[in-house]
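Quick look at what TrEMBL lists:
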type	residues	note
TRANSMEM	B:12-33	transmembrane segment
TRANSMEM	B:53-73	transmembrane segment
TRANSMEM	B:85-104	transmembrane segment
TRANSMEM	B:124-142	transmembrane segment
TRANSMEM	B:149-172	transmembrane segment
DOMAIN	B:153-453	domain 'Cytochrome oxidase subunit I profile'
TRANSMEM	B:184-207	transmembrane segment
TRANSMEM	B:219-242	transmembrane segment
TRANSMEM	B:248-275	transmembrane segment
TRANSMEM	B:287-310	transmembrane segment
TRANSMEM	B:330-352	transmembrane segment
TRANSMEM	B:364-389	transmembrane segment
TRANSMEM	B:409-428	transmembrane segment
Amino acid sequence: MLSKSQARTFFFGGTVVTFLIFIGLTIYSLAPGNDQTNHLAITDDVIKGKHLWETNNCMGCHSILGEGGYYAPELTKVIDRRGAPLIKAILQSPVPWAPNGRKMVAYEMPEEEAAAMVAYLEWIGKIDLNGFDRIVSPLAKDKQ
Amino acid sequence: MKYKSQQVAYWFFALCMLLFALQIVYGFIMGFARIGMDGLHDWIPFNTARAVHTNLLVVWLLSGFMGAAYYIIPEEAQRELVSVKWAYVQLISLALVGVLAITGYHFNIWEGRKFLEIPRELDYLVVINVLLFLGIILTTLYKGKRRTTTALVLTMGLVFAALLYLPGMIWFDSQVTDSFFRWWVVHLWVEGVWELIMGGILAFLLIKLTGVDREVIEKWLYVIVGLTFLSGILGTGHHYYYIGVNKIWLIVGGVFSALEPLAFLAMALFAVYMYRKGERNHPNKIALFWTIGSAIVSFVGAGLLGFAHTLPQVNLYTHGTLITAMHGHYAFWGAYVMIVLAIISYAMPNMTGRKRHDKTNGHLAFWLSNIGMLGMVVAMGVAGVVQVYLERRLSMDFMVAQEEVKIHFVVMLLNASLFATGIGLYIYEFIKYGRPTDEALEMKKEEEPALVH
Ligand code: HEM
Ligand code: HEM
Ligand SMILES: [Fe+2]
């Protein structure tokens, strides 16, 4: 039968080995050569958009890259689906946007903030998501 | 109970009860919003309710883990905690961080990063708080008479949990990298180091409740946590399938995360087998229910329901849908909520000296909350399957599909009422137990000498 010290070796050994592989794979997948995100296309506007995305906790209702709340539509391909002008209008609206009865917060964003959000969403929309982009957004799928 | 300093645990458990109750209130706010009753939208929009609901969960579970450690470590190390005063300071600072964060969420002060909404400035307070906690636990262990595997595994879990909080504090310009390292916190917590904490508490409870030999229990504890890390670390890849990183994760994440249920299966078999093997007939049956229940339900919620959507071919369709929410509820419930409720149920009679553990209320609380939670999870699961089918298979618009699943949220809310009644009873019993007493210190020694190995 297995002894306690063998069990301990299994624990520590397994942990160290898989952890090292994990670090190796992390370095591999973040290497510039394997970039799927157009990392170089991240402009100041995109960064500002990401900041706005975070400080307003948009992710509390919407999801992006499939992560977030499940209360409001997935936004990864939203620019393709709805177009930039509508998105800007929603962000600048003084009354809550609620086309189907479910309300969004009225952010009343100034023009440059709305533009930054759009820049961010445009950048997101171009990421290679290993096929998920075609599933998550039916209308965008038809366009491709 | 042997050591007076173990009494601090009571206050951590009391904080658990308070925050748990609040968490449920915010759950109801979201549930009602989903069936169109969003009257609170102007003050508590859905994103506020969600951040509060999930953050309260995490904070009260951490409070429960800390209380568990303050209760377990003195008994394992066979000495008093090095400082009770600092433990209270730590308790108050924990409550303070929680209250500040939750209040901020109502005023648009947060960082919209799912589960890590606490603003970075407050993160530093979290770090100080946790360092203080670990300082107390580690020095107690170091000065203790005895070092047990149970204490070691529990403490390793707590130390790693603290370390893994750090990657979540780094700032990234790219959403993808941000998300990548967010999972180092979220995934490696719940499917890694928290399982060590759960395993440690489970082992402690099984030793106490079943009387099976410590050596046997601790050997299997190593096997369980070995399986956890072997599968869970590389299993992180199941969150990397579709967020814009290399395809290699589809294979690595798929294979290793598919192995993750093994650790939970081992945990369930371990608990049931030790229970059968045990000769001791411990009077605190309700603690035993929660303990064995936790091991079994975590296998279903985390193991089986996690497996249900972890293969890349499945996750392609279910990623970011109500299927995820369904699994999130049952996994958190089985693995972490139930184990915290188990240690509280075990500790309360010992700390207060009042033998309320054979009251009907306690059993009612167990069954109502478990049946209610199962009902909620089934309702969310049905909603999730319908959503995936309509939205992702038939290309229906998001809101059109949401209208179709509304009715399942009515069912969910009915079950949530059962659930909340059960938890209400649990909290009522907690209050009825009253405060810890010093007489309880004396009693324990005479009554259960066999407990001290
Ligand atoms: C006690 C342990 C566990 C807990 C508390 C837990 C909880 C959660 C939560 C809250 C999420 C949502 C995360 C987010 O979107 O931010 C999630 C996602 C996920 N979990 Fe678990 N989980 C556990 C164990 C497991 C296991 C063992 C597996 C696999 C066998 C698994 C598979 C998954 C998958 C594939 C996702 C991603 C879903 C998606 O793509 O939207 N989980 N889990
Ligand atoms: C009365 C009881 C409860 C109700 C009505 C409720 C309702 C909800 C709702 C509506 C959501 C948001 C889903 C979305 O984004 O659309 C949610 C999220 C969540 N709740 Fe609850 N909840 C309750 C209790 C609990 C309990 C007891 C736990 C822990 C065991 C829990 C853990 C979570 C987690 C982890 C999430 C995030 C899930 C994810 O993002 O995948 N909830 N809850
Ligand atoms: Fe995971």
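Each residue, glycine too, has its Cβ placed from N, Cα and C.
Within the chain, the transmembrane segment (B:53-73) has long-range Cβ neighbours (under 8 A, six or more residues past its boundaries) at 5-6, 8-13, 15-16, 19-20, 22-23, 26-27, 30, 81, 87, 90, 94, 97-98, 101-102, 105, 114-115, 117-118, 133, 136-137, 140-141, 144, 150-151, 154-155, 158, 194, 197, 200-201, 204, 332, 336-337, 340, 343-344, 347, 351. The list of residues near the transmembrane segment (B:12-33) in space but at least 6 beyond its ends in sequence, with Cβ under 8 angstroms from a Cβ of it, reads 40-41, 44, 46, 49-50, 52-53, 56-57, 59-61, 63-64, 66-67, 70, 91, 94-95, 98, 340, 344, 347-348, 409, 412-413, 416, 419-420, 423, 426-427, 430-431. On the 0 to 100 pLDDT scale, the domain 'Cytochrome oxidase subunit I profile' (B:153-453) averages 94 in the predicted structure.
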